[in-house]
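Undergrad: Below are the structure tokens for one structure; questions will follow.
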Amino acid sequence: MEKHEEDNQTSLTEFLLLGMGDMPTLRIPLFLLLLIIYLVTMVGNILIVVLVVLEQRLHTPMYTFLGTLSSLETWYSSTILPRLLASFLTGDRAISVHGCMAQFYFFSSFVATECYLLGAMSYDRYLAICQPLHYVRRMTWKVCLQLVAASWLVSVFVAATVTAFLSQVNFCGPKTIDHFFCDFTPLLELSCSDTSVVTLVSFIICFLSIIFPFLFTLVSYTCIVATILRIPSSVSRKKAFSTCSSHLIVVTVFYVTLFIVYLLPRTAPLRQLNKVFSFFYTVLTPLVNPLVYSLRNREVREALRK
């Protein structure tokens, strides 16, 4: 009995990521599907970055934000998909505790960066549509680069803070993580120590890096929509809306799936549904973003044709 209790209190050195479940017959088809998704995601986002850099007409704050977002999506996808691909190919689902913490750090950092970038892009569209006469004066290259740099730097800091607190937690429960990557809640479920401090810190960080940018984006688009509806000409209204429709689609898809994942109770019947929405915003959103921007943006389409 004493030995059993001692084993339970021994800190784990590795976890087993259960992924999508035990489906040996689907391993190769899923590997091929994820490989295609990963390759298309990387090619699509890298292509947008190259277009923004090389095409003179795209050297504006709006497309600088877009290029930064596409660059972020390549790193974002590379945090999860290569490890998942290796798991499907080899059948090895083990990941060290340090590797898990590293994956969580980069994942949370990129999520926070995307939230801040989407907020900065909404501010850019707010100035362009609601205050067009002041746009050039307010959205200068200096302001644009400061917003991009701040998005990355603040995210690195907040992710490091949460990861530092999470790494102090003792993991001595079952070593299986019922997820396909190292996320905060599944990791916390394996803890056998007091998690009140890390939970409080993560709540504060979540408000600063997810809720606050979301509210800022929501207010910006409320003002944008109100301004567009006041435009008397239907042609002008359509033109104004087309300048922000792609970004609005990306924001809606990203935040809707993000909130569903983290607000959905992690009860046994809902865990598979939670994985589906997690898969959507971590894997499919980076794939969809370049398609949305290239298909709905005339200047990007023209640059692609060139």
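Using the three backbone atoms N, Cα and C, a Cβ is placed for every residue, glycine included.
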Undergrad: Out of 116-135, 276-295, which range is noted as transmembrane segment by TrEMBL?
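TA: My reading of TrEMBL: the transmembrane segment range is 276-295.
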Undergrad: Quick one: do the transmembrane segment (28-54) and the transmembrane segment (241-264) have at least 3 Cβ pairs under 8 Å, skipping pairs fewer than 6 apart in sequence?
TA: no
